[in-house]
């Protein structure tokens, strides 16, 4: 199988064997040209000869059409994920036309009917979603730590330092530290507040910034880097069975 995740800035792919083990995986910046990037990967995909391609995409219809045209060259069946608030594996109170595909798949990859869960995606945006025994209750969306920093530096003339690390939430003694610690605290504080409101929910985090944020959260956190891939596999496995 070939699994594709077309995000806001990056294209990720996983090639898995017949028992679901990952045999090849990579992530690349697509610069809003995912079809062109895929064209350069066609030879690699052909060598593994996957029998199906499952696709998660948050891109618009125009880019998805170009992606489809490129994938058609492989002569392999492919299908895009479609968010469904009434999906049997997880019901959702959310408007499914506004629920991002990647966000939904992250939840689908984590959902457990026996548990209450708080699923946090730490990518271009930070998404926090509450799931009660496979029922999505809704959630929150924040700009990522890097988007917050970019916005602050582009909109504030007095703050011109754009480098630094997100490694502490104590008060800063320089503008650089104050900016980075304030931004990190805004995310960590929100997670801690939501966790306090929902103390019986297991906290699960995924995404590129998950490890940075998780170490400052005041609850045990389960880090999962495979949620979207697991969600893709679950979605298409269930679709085939249905």
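Positions of Cβ are set from backbone N, Cα and C atoms, glycine also.
What Swiss-Prot records for 5, 6, 7, 8, 9, 10, 11, 12, 124 is ATP binding site. Under DSSP, residue 9 (ATP binding site) is assigned to coil, being neither helix nor strand in the three-state scheme. Residue environment of residue 9 (ATP binding site) contains 11 other Cβ atoms, counted within 10 Å of its Cβ in all protein chains.
Neighbour density for residue 94 (substrate binding site): within 10 A of its CB lie 18 other CB atoms from the protein chains shown. Look at Swiss-Prot and you will find 94, 100, 101, 102, 103, 175 tagged as substrate binding site, backed by sequence analysis.
Summarising the annotation, Swiss-Prot assigns active site, proton acceptor to 102. Long-range Cβ contacts of residue 102 (substrate binding site) within its own chain (separation 6+, distance under 8 Å): 5, 7, 56, 58, 121, 123, 228.
The two recorded residues residue 175 (substrate binding site) and residue 9 (ATP binding site) have their Cα atoms spaced 29 Å from each other. Cα to Cα, residue 103 (substrate binding site) and residue 124 (ATP binding site) are separated by 11 Å. When other Cβ atoms within 10 Å of the Cβ of residue 103 (substrate binding site) are tallied across all protein chains shown, the result is 23. According to DSSP, residue 101 (substrate binding site) sits within a helical segment.
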